[in-house]
Amino acid sequence: MTIHIYNTLTRQKEEFVPLEENKVKMYVCGPTVYNYIHIGNARPPMVFDTVRRYLEYKGYDVQYVSNFTDVDDKLIKAANELGEDVPTIADRFVEAYFEDVTALGCKHATVHPRVTENMDIIIEFIQELVNKGYAYESEGDVYFKTKEFEGYGKLSHQPIADLRHGARIEVGEKKQDPLDFALWKAAKEGEIFWESPWGQGRPGWHIECSAMARKYLGDTIDIHAGGQDLAFPHHENEIAQSEALTGKTFARYWMHNGYININNEKMSKSLGNFILVHDIIKQYDPQLIRFFMLSVHYRHPINFSEELLQSTNNGLERIKTAYGNLKHRMESSTDLTDHNEKWLVEIEKFQTAFEEAMNDDFNTANAITELYNVANYANQYLLEEHTSKVVIEAYVKQLETLFDILGLELTQEELLDEEIEELIQKRIEARKNRDFALSDQIRDDLKGRNIILEDTAQGTRWKRG
């Protein structure tokens with residue numbers, strides 16, 4: 001089965017064929033570290049960490065690079081407001097970023113380059129563009145000359161005339177064309193700066209990723225990814241800079257994830273409806289946040305609400321409970337061989353369906369449907385009077401493998417005594433109402449979490465297994 005990726009550049013799904021056999025070069029635009037990340041910022045790390053995990057599962061050696069922009073207008077503004085220097089603020093929020101995304105199940109990239117640690121290669125990149133006639137200096141600033149790059153607009157699929165019509169020259173800018181963008185910005189009084197051939201200053205945003213991608217991954221990379229909002233102008237400008245310099249294709253597959261809405265309204269800081277990751281992971285299990293995010297195809301928008309989160313939690317707990325029940329049954333299962341084939345064939349079908357979903361542009365939504373199917377069939381198998389260790393182990397291994405691909409864990413938080421008593425009372429009410437299906441479900445769910453019930457004449461007793 002081959003992997004197909006929706007390529008923003010061509011607007012169609014294409015078979016994934018890396019430049020080098022069994023190796024993938026992948027660059028994901030990272031955050032500007034001037035504040036804590038919100039859940040919209042967290043979607044790309046979770047999505048593309050999952051892409052990376054699946055590629056590794058399929059046997060690829062993935063070189064995964066994700067940068068930190070640690071000098072920028074927003075950082076300078078934050079430094080001025082807080083009375084701190086830029087490096088101090090950047091260091092603080094790099095650490096906070098790692099805490100947040102690690103909690104959300106994301107592995108560290110192969111390399112996390114920082115702009116301030118790569119200033120020499122950024123300046124060198126700009127100088128080469130100037131030498132080739134693709135950039136020009138203007139009163140200490142350096143701009144990219146967009147009219148010199150023939151393919152400008154090919155990622156956003158907009159004619160250059162339309163792009164120019166919507167562009168403007170800001171006050172203080174000395175550029176030749178409204179579409180030209182800054183590669184180097186002359187330092188203003190009191191700002192952090194670096195020495196360069198054009199005087200003291202700092203790099204523009206777009207050039208940073210081009211230079212660092214080239215340093216760590218080479219002239220051409222396999223996958224370049226980020227949020228949908230980065231397609232234009234950031235990624236468009238990256239293509240222009242990189243391909244103008246090297247004359248080679250910069251990235252072969254462009255992937256962009258969709259936006260996040262809060263209660264059906266687009267999330268934005270201006271509306272004040274954003275949710276910080278470090279706040280929400282105190283309220284909800286970070287694994288639930290990740291599972292929720294992956295329950296929607298990465299290119300589609302997500303509507304984030306507490307009601308939807310709770311509904312998703314019910315589904316996640318159902319899978320975890322099935323896993324717990326399987327583990328609990330392991331000890332009492334035997335070496336039966338009768339009827340194993342029927343169940344093992346079904347398990348293989350689920351594996352195939354899961355991989356087909358992931359091969360289809362990393363469709364985690366459909367892949368998660370297969371997790372529910374595995375859990376449902378496992379529960380059916382557990383109703384058998386006698387169960388086989390071979391089948392139980394196959395179900396357990398499958399759930400563990402599929403969860404690992406999605407960056408998820410199967411552990412459940414231990415129930416508090418009062419939570420157990422509450423569930424027992426709910427079960428008693430269900431039995432009074434002759435709702436035996438609910439009664440059995442509660443009993444089985446508790447058993448899956450190592451809580452054993454014993455019905456006696458004096459009432460229901462329980463113990464931890």
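Glycine is treated like the rest: Cβ placed from N, Cα and C.
According to DSSP, C209 (Zn(2+) binding site) sits within a helical segment. Per Swiss-Prot, the feature Zn(2+) binding site maps to C29, C209, H234, E238.
Look at Swiss-Prot and you will find 31-41 tagged as motif ''HIGH' region'. The DSSP breakdown of the motif ''HIGH' region' (31-41), given as helix, strand and coil counts, is 3 helix, 2 strand, 6 coil.
Outside the motif ''KMSKS' region' (266-270) by six or more residues, the chain places 38-40, 259-260, 304 with a CB less than 8 A from a CB of the stretch. Residues or ranges marked as motif ''KMSKS' region' by Swiss-Prot: 266-270.
Annotation source Swiss-Prot lists ATP binding site at K269. Its Cβ taken as reference, K269 (ATP binding site) is surrounded by 10 other Cβ atoms within 10 Å in the chains shown.
Summarising the annotation, Swiss-Prot assigns phosphoserine to S270. In the three-state DSSP assignment, the secondary structure recorded for S270 (phosphoserine) is coil.
Same-chain residues with CB within 8 A of the center of the C29, C209, H234, E238 CB atoms, the Zn(2+) site residues themselves not counted, are W205, H206, E208, S210, H224, G226, L230, H235, N237. Rounded to the nearest whole angstrom, the C-alpha distance between C29 (Zn(2+) binding site) and S270 (phosphoserine) is 23. Summarising the environment of S270 (phosphoserine), the number of other Cβ atoms within 10 Å of its Cβ, over all protein chains shown, is 6. Taking the C-alpha positions, the distance from S270 (phosphoserine) to C209 (Zn(2+) binding site) comes to 26 Å. With the fewest other C-beta atoms within 10 Å around its C-beta, H234 stands out among the binding-site residues C29, C209, H234, E238.
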